[in-house]
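Novice: Take this structure, written in structure tokens, and hold onto it; I'll ask about it next.
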């Protein structure tokens, strides 16, 4: 056949997970096919027109550090940029951008169309082909068969998607797009563990019918930040403000009076929604004591009047939506361009995934994005990059990769999913990471770009820029450690201005930089400071953070070293935990269900106690001793009722 039908990797779906997956696989060198039901919607922002935020911005920076597209596309399409938590410590600072939907989508499509090794094709996928426990390809809705040893499914909300507006509902993948019914049915045939989740979106408003004069303006930051490590502020288009208004008691009364017409509160919707992005009816019900909730009016783009009212996601009937909107100050005459709605969809239990995001059930089948129970563009993009990369690595016969929890928020995300699963849509927060002081936005490249280069994800341009930055940080840090500030040479008035008090002894300049209010640029003005100071803001930022937080980071690294021992202790994949005597039935059942790969993963499964982990360590040591002695350890119990360990661990 002249038309290509055999590929190394096939990616199904062109959202944020699918586009990053396809780009990652192609960058590594795999012949990659991206299948989408509509090429015009590649990279589409289905819900809110924003990228980043607390925890989410960290993921975007990590995707960027690994050569992904999201941050760079946001720099080209972002119409407002802000640093959240700017007054707090660097660990929780996060970048957030409003994006022009059209510009963002164009930036993503440009990268897809110009990526070597990547083919785009417009066809919905109806079937997966498998042979035994291996995936072999896909079949489209018109019967076209494409073969590949690795398939990445990034179906978003399309699998058996059902949209609800009031008590009316209809099948759709999102508003205006068809659902993936046949593919959803095929996945059920494969007996993969699954469930239903739901998410929602607010009505869109016409800016020409809004009175912004009675609202609080929310401008972006000045100077304007960038998202990508390679980004420049000059790439940004025109910047626009957002606006803030509030619900009121009348708004709440309207909602309460119509809860019986809500599909959520009338029992029509079965899926669980996102806890941290609740609908307005959910807010009124859960926070009944609050008399007002913020609403952020976000522009959808530079060439449209459409406004996204962040904070009033709803599935109430349209007449109620209109009454709710017009009860809000500044929106008394607002015209709704698109109704809000809720959507239910199938997801698959991520505990059935390996850390590579390959399913445990079928070799070569990878899942990424909302299909794994997550919510958010950023979480999807990060999973997509990892799944696409591992699909390509597998085809090339290379080892799979996933960062550890202490290496990246991506590692935290994947580990949470595969060990704990989800009972509601999963959203990333900085609070989910144990080692967040080391997992900052600003050092994502220092943490991940070298690994990205090793995997084949990072191109020459990014690598050269990274090496220049890394080397500059190392050189300047070494100079500051070698240079001394002498009390006799530094006038007291200058010392008080820069470091807060006169010098009573000699200090290395790096020591002085550790002081809370000491800034690098001012420190370099003191007599004895190294000549030709650094000028790159990213280099200076890393030097200052390293100096001021070194003690905390060192302590955290000590904790990491202890945890690594558990993470590197492998558990047999075929271990029947019911044979490990001393474990409670509950723990045995949970370990047999989840089949953790390491002792560290086992300890993060809900209900598995520290005592159970200690007992498993005893079991592993006894097994190793038996193996060293040449004994058959296949039936080796962890405890046989004898010894102190057996007594202590009984009933764990």
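Note that Cβ sites are derived from N, Cα and C of the backbone, with glycine treated the same way.
According to Swiss-Prot, the FAD binding site annotation covers 13, 14, 15, 16, 17, 18. Annotated NAD(+) binding site per Swiss-Prot: 273-287, in sequence order. Under the heading compositional bias 'Low complexity', Swiss-Prot lists 631-640. Swiss-Prot lists 631-652 with the feature region 'Disordered'.
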Novice: What is the Cβ neighbour count of residue 18 (FAD binding site) at a 10 Å cut-off, with all protein chains included?
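Specialist: Step by step: centre on the Cβ of residue 18 (FAD binding site), count other Cβ atoms within 10 Å, giving 30.
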Novice: Given a separation of at least six residues and a C-beta threshold under 8 Å, show me what packs close to residue 17 (FAD binding site) in the same chain.
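Specialist: Set apart from residue 17 (FAD binding site) by at least 6 residues yet with Cβ under 8 Å, we have 154, 156, 368, 369, 370, 380, 381, 383, 384, 387.
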Novice: Across all protein chains in the structure, which of the binding-site residues 16, 283 has the highest Cβ count within 10 Å?
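Specialist: Selected residue: 16.
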Novice: Counting every protein chain present, what is the number of Cβ atoms, excluding its own, within 10 Å of the Cβ of residue 285 (NAD(+) binding site)?
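Specialist: I get 17 for this one.
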Novice: Return the single residue from the binding-site residues list (14, 15, 281, 287) that has the minimum number of other CB atoms within 10 Å.
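Specialist: Among the binding-site residues 14, 15, 281, 287, the lowest count of other Cβ atoms within 10 Å belongs to 287.
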Novice: Cβ within 8 Å of the FAD site centroid (13, 14, 15, 16, 17, 18 excluded): which residues?
Specialist: 11, 19, 20, 21, 36, 43, 154, 156, 369, 380, 384
Novice: Name the residue among the binding-site residues 13, 273 whose Cβ has the smallest number of other Cβ atoms within 10 Å.
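Specialist: Output over binding-site residues 13, 273: least Cβ neighbours within 10 Å is 273.
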Novice: Radius 10 Å, atoms counted are CB only; among the binding-site residues 275, 277, 279, which position scores highest?
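Specialist: Per the Cβ count, the most surrounded site is 279.
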Novice: Where residue 273 (NAD(+) binding site) and residue 18 (FAD binding site) are concerned, what is their Cα separation in Å, rounded?
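Specialist: That comes out at 23 Å between the alpha carbons.
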Novice: For residue 285 (NAD(+) binding site) and residue 16 (FAD binding site), determine the Cα separation and express it in whole Å.
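Specialist: Their Cα atoms are separated by 32 Å.
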Novice: So among 13, 15, 18, all listed as binding-site residues, which is physically nearest to residue 287 (NAD(+) binding site)? Use the C-alpha atoms.
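Specialist: The answer is 15.
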